[in-house]
Amino acid sequence: MPVMIIFDVDRTLTRSKLPANSEMVKALSELLATKRVGIISGDSLSILKRDIVSLLPVESDFGNLFLLPTSGAALYVWKQEDWHEVYAEILTGEDTSKIGGMIRSACEETGLIDLSAPSYGERIEYRGAQVTLSALGQQAPIEEKEKWDPNGSKKRALRDAIARLLPEYDVKTGGSTSVDVTRHGVNKAYGIRRLSEHLSIPISEMLYVGDALYPEGNDEVVGETGIATRQVSGPDETLQIISEYSNG
């Protein structure tokens with residue numbers, strides 16, 4: 001029985017780029033009463049707060065909740081009624097400038113994204129510890145995302161093109177139409193190891209729940225830590241898993 005459960009966000013706790021629904025919020029709050037819970041995502045801290053944390057009932061045990069935004073490149077814990085940084089692998093200005101430039105080059109090289117065309121919000125977002133390319137823009141409707149890249153081949157082609165241009169960084173697929181760039185070796189596996197060290201909880205006593213544990217999926221990397229995993233197809237299956245563990 002795990003003492004801590006770590007969840008991916010997109011298509012695990014929520015539908016892509018949407019807030020957690022009321023059923024998920026209630027389930028997470030109940031789980032926090034008995035388990036330590038980690039949430040790890042390519043999203044920024046502000047988005048995790050907006051789409052999940054702010055929706056939890058005020059009586060939830062936030063002391064049992066641990067946030068790992070930007071693909072595990074940072075860790076935040078709740079104390080004294082606020083979120084406090086444990087670590088953050090922040091990219092330098094030189095890093096972000098180089099990464100942004102190479103992302104633009106990859107878009108042009110592949111011909112998959114016309115950065116001069118209208119988009120749903122920012123396409124290249126600087127998140128402190130991570131730079132994210134969102135093919136259609138950060139606020140793109142899920143229907144448009146699914147239409148643009150139904151089998152993920154465009155996203156993978158962009159990832160490969162960016163990785164060739166930035167061999168000294170970690171480049172991985174993120175959400176349904178996004179690619180994330182972090183410092184080398186900084187990824188979800190890194191975040192899990194740092195969380196384990198911070199809490200003195202062996203990884204063998206943790207469980208990871210995600211939708212993309214398959215080869216080349218954005219959760220696959222967690223397997224290198226040896227953590228137990230559960231693959232889900234969406235929030236409904238995640239709710240079933242939470243129900244299994246909510247009573248002890």
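Cβ coordinates come from backbone N, Cα and C, glycine included.
TrEMBL annotations: computationally assigned, not manually curated.
Fair warning: this is a prediction, and the values are worked out from it, not measured in the lab.
Between the candidates ASP180, ASP211, TrEMBL assigns the Mg(2+) site shared with ASP8, ASP10 to ASP211. With SER178, ASP180 listed by TrEMBL as binding alpha-D-mannose 1-phosphate, the candidate from ARG127, ARG156, ARG194, ARG230 annotated for that site turns out to be ARG127. In the structure shown, the C-beta of ASP180 has more C-beta neighbours within 10 angstroms than that of any other entry among the binding-site residues ASP8, ASP10, ASP180, ASP211. Apart from ARG127, SER178, ASP180, the alpha-D-mannose 1-phosphate site neighbourhood in this chain, defined by C-beta within 8 angstroms of the site C-beta centre, holds GLY42, ASP43, THR70, SER71, GLU125, GLN130, VAL131, THR132, LEU133, SER134, GLY174, GLY175, VAL179, VAL181.
Here ASP8 (Mg(2+) binding site) is positioned 15 angstrom away from ASP180 (alpha-D-mannose 1-phosphate binding site), judged by their C-alpha atoms.
Checking each of the binding-site residues ASP8, ASP10, ASP211 against SER178 (alpha-D-mannose 1-phosphate binding site) by C-alpha distance, the shortest gap belongs to ASP10.
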